[in-house]
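Take a look at the structure below.
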Amino acid sequence: KLSVAPEMDIMEYCGREWRGNTPVARRMRKGYEAVAQKFASIRRVRGDNYCALRATLFQALSQATQLPSWMQSEDFTLLPGNLLSKYDWIKQWQQKQKPTRKIGEISAEIKGHLMLLRKKWKYISDIKGAAEKQEACDKLFRSEEEEYSLYEALKFLMLNTAIELYDSEKSGRRVPVFSWLLFARDTSSNPCQLMLNHLNQIGHSGGLEQVEMFLLAYALQHAIQAYRLYKYGTDEFVTLYPSDPEEDWPVVTLITEDDRHYNVPVRMCQETVL
């Protein structure tokens, strides 16, 4: 069962999904036409509450040519142990269909997820041929157990980034604007609340909110470019998370009709050289 469907022509997909003549349907068609100027095809992403993580990771791996430097450091796999020794509340970390466990078990499990993420990223980025790389990605996104393990790794990296941002702000260092917004919510005024009320819910009762798309981008050190089709005709039609990424961050592109479900555009159109 492939959680990212095979590719389909973008305008064919749009015609199937948006037939009517309502203002919304007309706007969606205009949005898809604009995306079709850049990309030829779309791949539909399974619509559970992991779809933002799934779409982002799928795109990042599809175009990976090297293991990110931050994943290469020894500290990467020591992260769970280090954080759990400092923040006792992380033992309330909730995994997909897993009951609460002892601290040592949680640390070992999360370390396993991070190691799997590094292993898969390295394996796929080492593949040179585009078709072979795509085949390896498709295979990974067919393996439910591995796939969900990777999402746990991403969620934990988001938590780590949130803790770093929170501590930076508390000690008077400059933080990006989204960090203030993240911790200005009643439900996430600190990293513990963010974990309990948001990160623990991803994949269960909720997906990623917009401000968490910024957090995901920072955690992966990738810029996420989203075509937000319902915003067609406004400045927010193409939104970049963050709006001023580091120059060396790779860019992954997603499509959303409503900021809740994300699909992935594929096959960039070759610019016609006159």
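Every residue gets a Cβ built from N, Cα and C, even glycine.
Lifted from TrEMBL, the feature list:
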- Asp48: active site (ACT_SITE)
- Cys51: active site, nucleophile (ACT_SITE)
- Glu236: site 'Linear diubiquitin binding' (SITE)
- His261: active site (ACT_SITE)
Far apart in sequence but close in space: which same-chain residues, 6 or more away, have a Cβ under 8 Å from Cys51 (active site, nucleophile)?
Val45, Gly207, His261, Tyr262
Inter-residue Cα distance where the pair is Glu236 (site 'Linear diubiquitin binding') and Asp48 (active site), in Å:
25
Just counting, how many other CB atoms are there within 10 A of the CB of His261 (active site)?
18
Within the chain of Glu236 (site 'Linear diubiquitin binding'), which residues six or more apart in sequence place their C-beta under 8 angstroms from its C-beta?
Arg228
Around the C-beta of Asp48 (active site), how many further C-beta atoms are within 10 angstroms, looking at every protein chain?
12
